[in-house]
Amino acid sequence: MSWIERILNKSTITSARRANIPEGVWTKCDSCGQVLYRAELERNLEVCPKCDHHMRMTARARLHAFLDKGSESELGSELEPKDILKFRDSKKYKDRLAAAQKATDEKDALVVMKGELYGMPVVVASFEFAFIGGSMSSVVGARFVRAVEQALADDCPLVCFSASGGARMQEALMSLMQMAKTSAALARLRERRLPYISVLTDPTMGGVSASLAMLGDLNVAEPKALIGFAGPRVIEQTVREKLPAGFQRSEFLLEKGAIDLIVRRPEMRLRLASLLAKLTNRPQPQDPLPHEPRPDAVPEDHQDEV
C-alpha cells in the first residue's frame, strides 16, 4: 500500500477510480443485477454470461450478427413515415417520429436486409423495439412486403425477428391495415412454397403477434420472451382470475403448442441455417455451435473496477 493510500480512505480511492472509467464501459444485467463488461456483452450478443438473460438487441446489430459478413444489402431504406393524419395526443406524432429517429438512427421500426446465411441466400427483417416500441406503421408494413417480394424474386427463404408492442395508434386504421397486408403477402410466399421462419423475441405483442409474427412455417422464440396479444395485467383484470406462473412467456407457449421451438440467441444462426437447409433441400452447414459464454470473461485488468 502506498503512502497516499494510507492517508486516504478506501471509499475515496474507489470513487476516484470510478470517476476515471469512461461512460458505457460497464452495464448491469436487467435480470440478475450482475455488472458486465459492455464490449464482452456485445460479443455475447447481449446475453448475460451469468444468468443467460436475453437483453434487447438493436435491429441492425441483430441483422449483422445473423447474416454472413459482407453479404448484407439493405432493402426499403428509402421508405419514410409521414404524419398524414396530423395526429396529436400528449405530443405531436411528427415530434415522436423525430425523437425516435434521433434516438435510434433509424427511419422506422423495421429494418430489412438480403444476404447469405452460411452461403444460402436469404431475406431477413428485424424490428427495432426502441423506435416507438417497435410498433407497426404503414412503413413497417411496406418494408415487410418489400422483404416478401425480394424473397419471391430471389426464390429464397424469409426470416423475421419480431419485437413489438403492436400496431402504432398514431396511424389509426392505416396501421391496423398492415396486419391484413402483411398476412396477404405471406400467403403469396406460401403459394410458392418458400420457407418463412418467424422468430419471436421479447416482447412480441398486439397486432404484430396477431399477424406476421405467428404465421411462420416455423415459429421460433428466444428464452423467456413475452408473447401475446394483450398484456398479462389487462387479461387478469378482464377475466378476474389469477394467471398461471410464466403465462405468455415462450416456455409456457412451447408447452401449450403455440410455438415450435425455443433457441438461445448464440445458437440461433446455426439452428436456423440447419432448419432452412432441410426445408430447401440444401447441404447442412458444418460449422460447430458457438462456444458457451464464459462467466469469467471480464478482462483481468478491469476486475478491480467492478
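Note: Cβ is positioned from N, Cα and C throughout, glycine not excepted.
The domain 'CoA carboxyltransferase N-terminal' feature in Swiss-Prot is assigned to 25-294.
Taken from Swiss-Prot, the feature Zn(2+) binding site applies to CYS29, CYS32, CYS48, CYS51, supported by sequence analysis. Residue environment of CYS29 (Zn(2+) binding site) contains 18 other Cβ atoms, counted within 10 Å of its Cβ in all protein chains. For the recorded site, CYS29 (Zn(2+) binding site), the DSSP three-state label reads coil.
The feature zinc finger is assigned by Swiss-Prot to 29-51.
What Swiss-Prot records for 281-306 is region 'Disordered'.
Here Swiss-Prot flags 289-306 as compositional bias 'Basic and acidic residues'.
Those residues of the chain, other than CYS29, CYS32, CYS48, CYS51, with a C-beta within 8 angstroms of the mean position of the Zn(2+) site C-beta atoms are ASP30, SER31, GLY33, GLN34, LEU36, PRO49, LYS50, ASP52, HIS53. Ranking the binding-site residues CYS32, CYS48, CYS51 by the number of CB atoms within 10 A of their own CB puts CYS48 at the top.
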